[in-house]
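Participant: Copied straight from TrEMBL:
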| type | residues | note |
| --- | --- | --- |
| TRANSMEM | 21-50 | transmembrane segment |
| TRANSMEM | 65-92 | transmembrane segment |
| TRANSMEM | 112-137 | transmembrane segment |
| TRANSMEM | 157-183 | transmembrane segment |
| TRANSMEM | 204-224 | transmembrane segment |
| TRANSMEM | 230-263 | transmembrane segment |
| TRANSMEM | 284-308 | transmembrane segment |
| TRANSMEM | 328-349 | transmembrane segment |
| TRANSMEM | 379-401 | transmembrane segment |
| TRANSMEM | 413-433 | transmembrane segment |
Amino acid sequence: MTTLRLWFLLRRRSSGRSDPAGLTGVLAVIAFAVTTAIALVVVGGLAAFVQRALAPGASDDDGTYVFLAGFATLLLLVPLSTLGGAAARLAVARRDARLAALRLAGATTGQVAALTVLDAGVQAVLGAVVGVAGYGALLPLVARLSFQDRTFDVAELWVGLPGLLAAIGAVVVIALASAVSSLGRVAITPLGVAARTTPPGLRVIRLAALVVAVVGVVVANAALSGGAGTIMLVVLMAMVAAGMATLNVVGPFVLGLVGRLTARGARRPATLLAGRRIVDDPRGAWRSVGGVALATFIAGITAVASLFGADGGGGEQEVLVRDIGTGGLLTLAIAGIVAGVSTGVMQAGRVIDQRQAYRNLVLAGTDTRVLDAARFRETLIPLLAAAGTAAVSMLVIIAPLLGLSTFAQPQVLVQYVLSVLAAGGLVLLGAAASTPVARRMVAQEA
């Protein structure tokens, strides 16, 4: 039997509604589509500001817009890459189990590799094409946004055919890289994959990144004494980026500790299940809520910008400060949406991957309400931990520059809290979207 024929047979088997592989394929396509659409919108916005800065008669502030838009783009690459990686990893466990069974049945390493590339490539291409269509549908809405006292033209936001092809290619590369990275385990140790061996835990060495970040903040604050406004802005952005990078390293380790404490002090079965699941996969828990940590940083910067914008001053400076607030809110909204979609996709994929555990719990007499509560707390606990950790980190970075009194202003405090709550609400909404998938799995296994 040829490899292509075997792939078609496997696709036909997983196209049925009762097969979890079909559901994981749909979820992966959705995640790839959202990643592609939002990435194209963000890059298109950056390109629009670049065009304005290069136009005849452009002012010095136009270069500032390009810098800020570029920084926002770099920040959003973190949750977008997380969502793209989640889409690529979504079906890996299911695919690995299926390919490991084929490997044990006598399939060659070449056949396994070809099946992996076909499976991942088709999902990525389909999702990217849907994402391009979504990007085209979003263009008229994005064009209504006003920056520099004028709205965008659709032509400014259009990335062109090369940009579309580059986006599709990037999505396919991410999918293939993630799929191929699992081939070693399937080809070399198919029995271990089929037995679902537990990956190694996280190490305390991750906390070294926190020490380095604290030292960097102290040095940067000392260097900023008496610095110009432009220098302060550049260093502040660099500190925020460094803070986000540090959180992504330390965050999974912190969630692992939180999960252990939660499981140890649990008084209800749902809390115990949630704590144990967090301990089993702290990296996955952080990926689900890492977007909220980014949103917390952005919310703090946007809230402070609104305070300076209220002081007025007139002219281009007032427009710039107002646009910084608008851009911050837009970046916050995008980060929240991406985080919500990531959580929904990851939770649904986790339910499908853990269907055997769900089956055992149902057969043991566990009520479905307990399973729903455990799944909700599995998102809520990391969400609170990530938001709290990010809030403290944001204060450590910004407070030495602007003072704690800045965050005591009612306008700043109210906008900050509402922004974080909105981002957290989107994440919880994404988690709730996985409930129908869980009910379906329970109904099939019962």
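Cβ coordinates come from backbone N, Cα and C, glycine included.
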Participant: Taking contact to mean 3 or more CB pairs closer than 8 A (sequence separation of 6 or more), are the transmembrane segment (413-433) and the transmembrane segment (21-50) in contact?
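Facilitator: Counting Cβ pairs under 8 Å (6 or more apart in sequence), the transmembrane segment (413-433) does not reach the transmembrane segment (21-50), since there are fewer than 3.
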Participant: For the transmembrane segment (21-50), could you work out the same-chain residues 6 or more beyond its ends whose Cβ comes under 8 Å from its Cβ atoms?
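Facilitator: Apart from its flanks, the transmembrane segment (21-50) reaches 13-15, 62, 65-66, 69-70, 72-73, 76, 80, 83-84, 86-88, 90-91, 94-95, 98, 123-124, 126-128, 130-132, 134-135, 138-139, 142, 147, 152, 156-159, 163-164, 167-168, 170-171, 175, 334, 337-338, 341-342, 345, 348-349, 352, 437.
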Participant: Ranking 112-137, 157-183, 284-308 by the number of C-beta pairs under 8 Å to the transmembrane segment (379-401), which range is first?
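Facilitator: When the Cβ pairs under 8 Å are tallied, 284-308 comes out ahead.
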Participant: At a C-beta cut-off of under 8 Å, are there same-chain residues at least 6 beyond the transmembrane segment (157-183) that contact it? List them, or none.
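Facilitator: For the transmembrane segment (157-183), the list is 32, 35-36, 39-41, 43-45, 47-48, 81, 84-85, 87-89, 92, 95-96, 112-113, 116-117, 119-121, 123-125, 127-129, 131-132, 135, 139, 142-143.
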Participant: Do any residues of this chain, six or more beyond the ends of the transmembrane segment (284-308), have a C-beta under 8 angstroms from a C-beta of it, and if so which?
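Facilitator: That would be 75, 78-79, 82, 85-86, 240, 243-244, 247-248, 251-252, 255, 259, 277-278, 321, 324-325, 328-329, 331-332, 335-336, 338-340, 342-343, 346-347, 350, 378-379, 382-383, 385-387, 389-391, 393-395, 398, 402, 406-407, 409, 411-413, 415-416, 419-420, 423-424, 427, 431.
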